[in-house]
Each structure stands twice: as structure tokens, then as C-alpha cells.
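Undergrad: Right, I'll just put the structure down here and ask away after.
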């Protein structure tokens, strides 16, 4: 069977429709012509199912591959992903995204495609905004959104992207019926009273004991408890009480991410979670569904990182975050603040 | 026992030398006076072993702690670390670094200190240059260098920093006796010849098969094999052979880190290692001591990231890198290029 290379397509005749499309769903029939993308054609050439000509000259694999690489951006990456998906037994068609992939046992004409697969090089940063619009496009037509990331050695990792509407089990009742005094020291807040310290630590897992009597609160915990009227905060330098705005300004000067972290903290608490620092995992928070007893601390379910809307994912960094979360049996989520509230983006590694 | 707060010291009399220094190695005797740092004094106050006065007025814990926090930068952090070390049973003395820590069973006057401990907040980035001069200072007096990193919730993680002189077991003989043709496509290099592909992949674990016949090389692998005269590289666009300089320029435009990665790659190969991409771990390389057979791939020993001399560690990022390396039973090393060659800095989590 012969196909002709024309611009960024390879075109073949009626026989190809019978032998390539009807049996393997390669290409798209257009009247009596079967139109193949460059990756499809390269794969069929590799499988010895197609001969490709340019100006009546037959091209070898090397020649065609090199030519295709010049005619289409990211051709090699797309070829690597296409070949991998085909060899895993999926039927694949090109689409507005890189590929539409049919479910196992399904194929064009019989079933709907199941996934939109986007091919990405690990070297090219990925804008959160692009990711979200691609996710929405997939969601609109009820497709799963999959990223296929190709590393410098052409190894492939697949990630599913979805939004997660998460809920915890922690009652949000706040401890204390009188306001607890606290002091803002250099970059953390201390509760001095023994009873209040135990109350806050044991109901809601706030802070960390400095010793048996006193409790240290992180900046986000302090702001939250201040806003809820549970504590009042004295500035140790000015020796004056601070309100949430003043406290937030101090916190912001210590930690530029403060407001973003704080808004996510408040949202997680209101969803019934117990968020604690995720420092050891390199994320803003590790998150518990529920903490009934601090002496029998449960496994934390999520690692959550609060990111701005204009965030750019560096893919090796994202890869490391997801990999680490999985290695400690947690789910990696990114929290993004929109006018309508905070949304959680779940990027999880999947086996295809 | 009474101590007087004077600037950033607390001073006590002869009785304190007997009861605090001679039994617990708190403070430094200076004639008839025992001089305590603010963290030592706060700890003794907490243990009810000392009363502290300022202008003849006795200070409670809250008052002294708040006052100390105003008089010394990072006082709370240092207190948290000091208290932790003391409670683990170590004798601790202040030093030009934050603390000198004595070995278990040892104490001032009997033994030398074993470690220099540096206290760091997770929020404050750490300059590689500072880290290295601190390491050298510790090394000069044969001390172990330890970082104590305090996170926003006052949780502590200890890391030992050292230089590692690593050696692999891989014979560095290069395959092939004639130059193998390769093509630079968009951002990777392809070997088309079946025999050459197998030779390079199976001897030295170069590249990744595109299929049974062809091999893809990463940019650093390509540059290395080009420099060694094993391959020659044709630029698919200019249809001309490129030399190492031309290739490096192309690679640099694709990957701004290229030269740093390449120099580390060459050094690792010359040390008898097999470096492959560490993308899935978020580092430049995963490194094998030896690869005898690609069908029985051994466990890789190291994750290595090449960093510039003016590198700044963001501690949550460093924490994640080390944590991930440990979770997959590998050692995290940072490769730094100096005029004298590449040095490997080992930052490993330790239990105190």
C-alpha cells in the first residue's frame, strides 16, 4: 500500500480504507481517500504496513521520520506517545487535543472516545490556566483528561487531571468560651496558659506544644483562631493587640505566600479537614480527614499546595511532588483560588 | 538560684557554677560568675532551676521569653533546637555556629564536641556558599556538620551535610570501532542503525530504544558520545555535521541547564557511574554504580542534581528532594562545579 506525503498528511487510496481503517482504525476516510497524520504514517511505516512516497520517491524510515520532524512541532514526542498507546492495545485518533483514545474493547464508530491525551515535554513549563481550560474542554464532552509527559530520555509518564470536591469529617466547633491571650514573637505565636494550650492542641490539633504548659501556633493557625475570636494576639514589640488585618500584614512580611496559604487553610477547615504543615513533604499542607485523638494520630490523606491562578508547573517539580505523595500513600492536590472559591486540582499518576 | 539579665546574657554567681555548670554543663564559668546564653537561661527557667531578674524584678517565663525574643534574632528557633537536643540527652554549648554538641557520654572538659549544629528556619533560603564555608569550618576542626531545620509549626528535622567522594564500578570502555551516524531532530538525537543501537544501549546503557531497530539519545548522552568520537551528529535542518561546540549551543537553546548537566554527566561517567535521567524524581540524574545487563537493571544508588555555585536552597524543596530520595532508598547528592572539578554535597536526614 502506498501513501503520498502532502504537507503534514499522508494520503492513501481506497484499499487503505479497507486494510488500515476498517481493521485498525488508522486515519480518517475522506471519500475514496484515507488521510493519515504524520505519526500514524510513521507508525504504519515502522510496522511495514505502508510505503510512503514524496514526489514519486519512496522514503525510508529515517528519511520520513526526519522529514516529519521538520514538518510538525513535537513530532518525536507525539510519535513516542502514539506508539506507546497503540502498543498497549488502544485505538487512537487525532483530535483538537493531541489524541482521542478509545476505551479497551471500543473503537471509532462503535464507542465514544474515553480520554483526551495531551502530549507534553518535561522541558516545557505548563500553565495552570491552559491545564484548566483543557480540563474543562474534556469535562464538557465527558472525557477523562490525561497528560502524557515525555522526559529527556523519552520515558513516558501518564497523569490524570481532575477537580476534586473534597470533604473531611471533623466537626468545626471551636474550643473555648473566653478569648485566649497569645503573643506574636518573631515569627510565631505563643499561648502561655496551660489549660488553653491543652484545649487548643487536643481539640482540633492546633499548634505544637513548646513544653507541657505552652503552645506554639503557626501563622495560618493564629490568623484563623484570631478571626474566629478564639484567641487575641499581642504584638511583643508594640505591646499592643493586633487585628486580623494587622496580623496578616505582619505574617505577609514574614511569609510572602501567607494570604494564599491562609485562604486555603480557612477553606480546608470549613470543609471539615485538619490541615497541618506539609514542610517535610515540600508542600504547604498535609491534611487529615479527622483527628479524634492527638495521641493516636491517623494517617493524613492529602498533600495540598496553594498556587496562584497564573501558576506555571515545572514538570520535573510536579513529577517529584506527585511521586513523593504516592510514596507516602497520600494524594497530591493543588489548591487554586478563584472568585467563586477555592478549587482543588488532583494530578495523579496513572497506569494506562 | 538567681541570674541577672544583662543584654543578651544571664549572669549568676559561684553557686550556679557548682550546681548548673558542674552537674549539667550549663553556661561558661568566668571567674566567679556563670554566664548563660538566653536559650540556656530560658531552658533553666522552664526547668525551675533558675530565677531570672531584670532591674531587681523577677521575670516569669512569658516575660523572659518575650524579652529574649526581642534581644536575640531567631531566639525561638534556637530555643526549640536547644531544648530538643538537651531532652535527647546531649550536652550542648554555644559556639561561633549556633551550638556545639558533645557525643553521648561526653561533656565539656572530658571530650571534644562532636557536632556543629546550625539552626535554620524553613522560611529562610540557604546559600550554597554559606553551607560550604560552614562545612569547611566544621571539617577543619573535625566536627560533624548538622543542620537543624525548624518548620512553621516548630517541628524539627536534622540533616548531616558532608562531601562525598563517590566511585562507581563501570568500566569506561566505549563501544564501537567506527563512528556511528546519528541525527539531531527537534530536541533529541536518533541512531538509525540496528546494530549500533543495540551496541550503545547494551554496553553502557546509553539511550532508549525507539523500537527494535532505532535508539534515541538524550542531549547529554549525545554530547558525551560525540566528544568521545563514538557518534557523529547530523543536524536534520542544516543537513550538516555538527561539532561539540555547535551541538552544545543547540542543546543550550533547548535546555538552559545543559552545560552544567553535561559537565556533571562527564564527571560521573569518568568516575565509573552510569547516569540516566532522574526526571521522575525531579532531579537531573539517577545514577547506577554499574549496569552489567539492561535486562536485569540494578537499583540506582544516587539521585544527583547539578547546581551552580551561587545556588540558593529553598528548604521545603530540599526537604522534599531528600525525603523522596530516602523513600526510594537512594542518596540525594548535589553536584557543584568548581575550577578544581566537580564536588558532591551529600545532604542526608539523620536521627539525633
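Our numbering is plain: 1 for the first residue shown, then up by one each step along the chain.
Placement of Cβ uses the backbone N, Cα and C atoms for every residue, glycine included.
Take a look at what TrEMBL says about it:
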- B:1-65: domain 'tRNA intron endonuclease N-terminal' (DOMAIN)
- B:75-158: domain 'tRNA intron endonuclease catalytic' (DOMAIN)
- B:181-236: domain 'tRNA intron endonuclease N-terminal' (DOMAIN)
- B:258-340: domain 'tRNA intron endonuclease catalytic' (DOMAIN)
- B:288: active site (ACT_SITE)
- B:299: active site (ACT_SITE)
- B:330: active site (ACT_SITE)
Undergrad: Of B:299, B:330, which of the active-site residues has the most Cβ neighbours inside 10 Å?
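TA: Counting Cβ neighbours within 10 Å, the top one is B:330.
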Undergrad: Measuring Cα to Cα, tell me the gap between residue B:330 (active site) and residue B:299 (active site) in whole angstrom.
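TA: Computed Cα spacing between residue B:330 (active site) and residue B:299 (active site) is 9 Å.
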Undergrad: Rounded to the nearest Å, what's the C-alpha distance separating residue B:299 (active site) and residue B:288 (active site)? Just drop the number here, would you?
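TA: Given the Cα positions, residue B:299 (active site) is 7 Å from residue B:288 (active site).
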Undergrad: By DSSP, how many residues in the domain 'tRNA intron endonuclease catalytic' (B:258-340) are helix, how many strand, and how many coil?
TA: 32 helix, 27 strand, 24 coil
Undergrad: Ten-angstrom check, please: count other Cβ atoms within 10 Å of the Cβ of residue B:288 (active site), all chains counted.
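TA: So the number of other Cβ atoms within 10 Å of residue B:288 (active site) is 22.
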Undergrad: Where does the mean pLDDT land for the domain 'tRNA intron endonuclease N-terminal' (B:181-236)?
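TA: Overall, the domain 'tRNA intron endonuclease N-terminal' (B:181-236) comes to a mean pLDDT of 95.
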